[in-house]
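Everything below concerns the one structure shown next.
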């Protein structure tokens, strides 16, 4: 009986050892995988940095008119209506850019679309810099508007398509952050340099973007969509690391592309079908009423708005600069948003550690509001 028990114990030993080895190998694999992902994250971050130069360019274009209004009107002899056209035509160009951006990005790729956007922005800034009349000024402003209209679509799409799942949300938020930083930078720099020099400064993000695009891969999802299998795998491997196992992600992307292509083709007129019309009306109305809030009017003409708020010319000029600088800082710091997130986070921290139960709902509501 004792021998039988010993034999049973002996039979159990290899199983236990094997199980330990399996766990150990699994741990080694996870460590290797984590190390590989950390090694390849550089290319994802570099690609994101290059792409958000387009978002920064978007912000500088939007913020350009605010600190330059008085100087441009004085140098070129523009009426208020003529400068208003210059300030507003940017949005018209952006509208056309946004409408055509999807087709452009699908035809020439995400990198190709960003290059095209940069070309329009560069041409537009040069036209503004060399302007002697309102005509060339407006043409340049329209060209930059068209460029940023494409940027507004292709930059977040490109980032979302190259980023791994665990970083996708965080990296795509950089698009909006860089737009605001670019706008605030234009506000700040515009208070200390001339309007022509500020136009030249607007070229810098485009130059960085142009150079950077030479060193980053194309979107793997777009390459898979157009059927370039060799470049698709090469781009995915470059983003995930040369030793990474990309099989599972590659199959997932291919499956997604095939599902997308199997769906019935739709047109813009499908939006007006009865089952979609309510959603379309709500979505469009939200965007329209957001614009009616007037924030773009403040952003485009902030400096003159502050100047007109006082009576004396000297204090008006100083008020314009001080107000513009303050507006630029507030856009980036977002103190109110920080405070709200802090209060809401504190509420959940207290809940996690079972602290101050009577204060938790108050902090959560206050933070959200």
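Residue numbering: from 1, along the chain as shown.
Backbone N, Cα and C atoms are what each Cβ position is placed from, and that goes for glycine too.
Noted in TrEMBL for the protein shown:
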type	residues	note
DOMAIN	47-369	domain 'Major facilitator superfamily (MFS) profile'
TRANSMEM	41-66	transmembrane segment
TRANSMEM	78-100	transmembrane segment
TRANSMEM	112-131	transmembrane segment
TRANSMEM	143-162	transmembrane segment
TRANSMEM	174-193	transmembrane segment
TRANSMEM	199-216	transmembrane segment
TRANSMEM	280-302	transmembrane segment
TRANSMEM	325-350	transmembrane segment
> Which stretch, 41-66, 78-100, 112-131, 174-193, 199-216, tops the Cβ pairs under 8 Å count with the transmembrane segment (325-350)?
Replying inline: 174-193
> Between the stretches 41-66, 78-100, 112-131, 199-216, which wins on the count of C-beta pairs under 8 angstroms to the transmembrane segment (280-302)?
Replying inline: 41-66
>> Under 8 angstroms, Cβ to Cβ: which one of 41-66, 78-100, 112-131, 174-193 has the largest number of such pairs with the transmembrane segment (199-216)?
In response: 41-66
>> Return the average pLDDT for the domain 'Major facilitator superfamily (MFS) profile' (47-369) as a whole number.
In response: 88
